[in-house]
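Colleague: Here's the feature list from TrEMBL:
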DOMAIN    29-102  domain 'Flagellar motor switch protein FliN-like C-terminal'
REGION    1-26  region 'Disordered'
């Protein structure tokens, strides 16, 4: 949808545009955007037939070994690697200790 201006030009309607005319969101707004973070212990590939046979108590072997770093993924992109730890103040919960930050295109920091 477009709005006609007094000089005959038209501009697009932006329903949530700030009143001060600025179209740039503030950094605070951006920093409050939630992201999904996952810690990936590993993965496995199997035919659907094998998947259908899985039952309670069966173990699926993953492609990562014990002691190998786990991938820390944010919105589908690996951003870091780390070690699985037990949370100090709640021994019933796991956490992850960052050991490596992965930069753009897989570079390490």
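Every residue gets a Cβ built from N, Cα and C, even glycine.
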Colleague: Of the residues in the domain 'Flagellar motor switch protein FliN-like C-terminal' (29-102), how many are helix, strand and coil by DSSP?
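Modeller: Once the DSSP states are binned, the domain 'Flagellar motor switch protein FliN-like C-terminal' (29-102) shows 9 helix, 28 strand, 37 coil.
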Colleague: Summarise the model confidence on the domain 'Flagellar motor switch protein FliN-like C-terminal' (29-102) as a single mean pLDDT, whole number.
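Modeller: 94, rounded to a whole number.
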